[in-house]
Amino acid sequence: MDMQSRIRRLFEASIETKQQAMDILAPHIEQASLVMVNALLNEGKMLACGNGGSAGDAQHFSSELLNRFERERPSLPAIALTTDSSTLTSIANDYSYNEVFSKQIRALGQPGDVLLAISTSGNSANVIQAIQAAHDREMIVVALTGRDGGGMASLLLPEDVEIRVPSTVTARIQEVHLLAIHCLCDLIDSQLFGSEE
């Protein structure tokens, strides 16, 4: 197969996964946006975590809220727990890599805050511990997962929201996670500041 054919095949796979996910995920994304808006209206904040590409997604989400998405508006409170290398390495060195997010949540999280927990497999141990810490702090969890939801899915409470991408391919899951994050940002803005359409 030549390279351009391979590229087309990858585009087609991404489009197909998004089409399959659209109707399945729309109600979950809507519910997650309502949870987030309610928290923001009640002086809560967003915390976000993940590993690797999911860490990048956590930072992307937080930056869109703190700065802006597609319109001028006030900054919204969001913290990516993936960015402070001194904190991450000190916790990993002194305790365990599994605690790099949970210790931050115990310090920063407050009742009514929301944790955006991201893992393509749903089995990242440090994200699982982050969910447990968020529940201990009476936070609500929005989980971006894939495959069968992994260990994260089994920890979620009725008030939590799982956005589970119907795919087993990591790259396709990540692509839909990014789209879901953009949908959340758009819905948060439109609910808080009105629709621009």
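For all residues, glycine too, the Cβ spot is worked out from N, Cα and C.
Following the DSSP three-state reduction, the secondary structure of SER121 (substrate binding site) is coil. Taken from Swiss-Prot, the feature substrate binding site covers ASN51, GLY52, GLY53, GLU64, ASN93, ASP94, SER119, THR120, SER121, SER124, GLN174, and the record attributes it to sequence analysis.
GLU64 (Zn(2+) binding site) falls within a helix when secondary structure is assigned with DSSP. Taken from Swiss-Prot, the feature Zn(2+) binding site applies to HIS60, GLU64, GLN174, HIS182.
As annotated by Swiss-Prot, domain 'SIS' applies to 36-197, with the evidence given as sequence analysis.
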Which listed residue (ASN51, ASN93, SER119, SER121, GLN174) has most other Cβ within 10 Å, given these are binding-site residues: SER119
For GLU64 (Zn(2+) binding site): intrachain residues, at least 6 apart, with Cβ closer than 8 Å: ILE181, HIS182, CYS185
Those residues of the chain, 6+ apart, with a Cβ under 8 Å from that of GLY53 (substrate binding site): THR120, GLN174
